[in-house]
Amino acid sequence: MALKALLGLSQAQLETWAKDQGLPPFRGRQLHDWLYAKGARHWHDITVLPAALRQQEPLPLGRSNELERHLAQDGTLKLLLATDDGLSLETVGIPTRDRLTVCVSSQVGCPMACRFCATGKEGLQRSLEPHEIVDQVLTVREVMQRRPSHVVFMGMGEPLLNSDHVLTAIDCLSRDLGMAMRQITVSTVGVPNTLPRLAELALERLGRAQFTLAVSLHAPDQALREELIPTARAYPYEQLLEDCRHYVAISGRRVSFEYILLGNLNDSPRQAQALAEQVRGFQSHVNLIPYNPIAEEEFQRPEPARVDAFAAALKQRGVAVSVRASRGLDQNAACGQLRRQRQGGR
């Protein structure tokens with residue numbers, strides 16, 4: 001099988017590759033340094049390799065081409081990147097004073113069709129390869145000239161429909177880029193028969209399941225959840241929560257829950273009370289996300305007072321809660337707004 005990309009290979013794998021080329025193992029270590037520390041983009045740029053090797057047919061490093069970049073007023077960066085097969089994807093860099101979070105995509109498009117999310121409006125093209133996920137982190141690092149501290153799989157796609165490649169990418173981010181696995185979050189809207197298996201696969205392949213799992217609920221009951229998330233019809237609320245309990249038992253890590261707040265639809269104090277009942281016993285954290293508008297839907301962003309009241313109702317019932325600040329709204333880079341659309345940026 002032809003090598004798809006060098007990016008994503010470990011130092012040991014690159015040393016083996018060097019041996020196969022008749023080179024000493026230290027060439028593999030040098031290549032590892034150029035791929036991950038220096039962020040090499042082109043084969044010919046790796047000047048430590050022998051000239052004769054560099055002049056041969058270039059090997060695929062696995063780096064994307066930047067199509068557009070958009071910088072929001074709050075400093076959030078949105079990049080439109082091109083894949084080798086002519087598709088495109090979006091990734092986002094979210095800076096604060098003491099951290100840089102990269103919001104990565106796991107698929108080109110998304111099949112889940114959540115009504116409040118722009119990505120699902122275009123359907124699924126394909127799942128991303130591990131190197132295409134790692135490349136997003138390297139590209140944001142390169143453009144923003146800052147080392148990413150956190151990675152969240154909250155961009156385009158449903159990570160649990162690409163769990164094999166997602167876990168491979170997480171392994172690379174931890175092993176080769178030195179990221180703490182606890183600073184990596186995998187977000188899912190829920191796919192039947194995948195949550196316990198994700199924990200088992202992480203233990204088998206990574207030796208631990210230390211990344212954070214964030215499960216998107218978005219409603220306090222099955223009926224409303226089905227209205228917002230069509231695929232929820234195949235995944236009863238009770239079964240989703242039971243699978244979350246199994247995940248916790250296997251991984252030893254708590255689950256966090258995400259809840260998008262839609263004005264006058266799922267943001268009442270009564271619904272907050274119902275949500276608190278659903279997550280009772282999880283010792284979990286609920287992350288509230290005020291809706292970020294998209295063109296195709298008429299959902300409303302909730303008034304700040306309703307957001308505060310919803311959060312207060314959860315806290316009164318012993319639920320740890322936070323409200324996510326919307327970042328990159330003026331460039332359609334906020335949660336739920338990614339869609340592979342060219343806007344004429346740099």
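Using N, Cα and C of the backbone, Cβ positions are placed for all residues, glycine too.
The active site, proton acceptor annotation in Swiss-Prot covers E90, and the record cites sequence analysis as its basis. E90 (active site, proton acceptor) is surrounded by 27 other CB atoms, counting those within 10 A of its CB over all protein chains shown.
Annotation source Swiss-Prot lists disulfide bond at C103-C335, citing sequence analysis. Reduced to three states, the DSSP call for C103 (disulfide bond) is strand. Every protein chain considered, the tally of other Cβ atoms within 10 Å of the Cβ of C103 (disulfide bond) stands at 28.
Neighbour density for C117 ([4Fe-4S] cluster binding site): within 10 A of its CB lie 25 other CB atoms from the protein chains shown. Taken from Swiss-Prot, the feature [4Fe-4S] cluster binding site covers C110, C114, C117.
If you look up Swiss-Prot, you'll see G157, E158, S187, S216, L217, H218, N292 marked as S-adenosyl-L-methionine binding site, on the strength of sequence analysis. Secondary structure at L217 (S-adenosyl-L-methionine binding site), as computed by DSSP, is coil. Cβ neighbour count for L217 (S-adenosyl-L-methionine binding site): 25 (other Cβ atoms within 10 Å of its Cβ, all protein chains included).
Residues or ranges marked as active site, S-methylcysteine intermediate in Swiss-Prot: C335.
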S-adenosyl-L-methionine site span - longest C-alpha distance across G157, E158, S187, S216, L217, H218, N292, in Å: 19
Assigned element (helix, strand, coil) containing E90 (active site, proton acceptor), judged by DSSP: strand
Minimum Cα separation from C117 ([4Fe-4S] cluster binding site), reported as the residue among binding-site residues E158, S187, L217, N292 that achieves it: N292
Closest of E90, C103, C110, C114 to S216 (S-adenosyl-L-methionine binding site), Cα positions, recorded positions only: C114
Rounded inter-Cα distance in Å - H218 (S-adenosyl-L-methionine binding site), C114 ([4Fe-4S] cluster binding site): 10
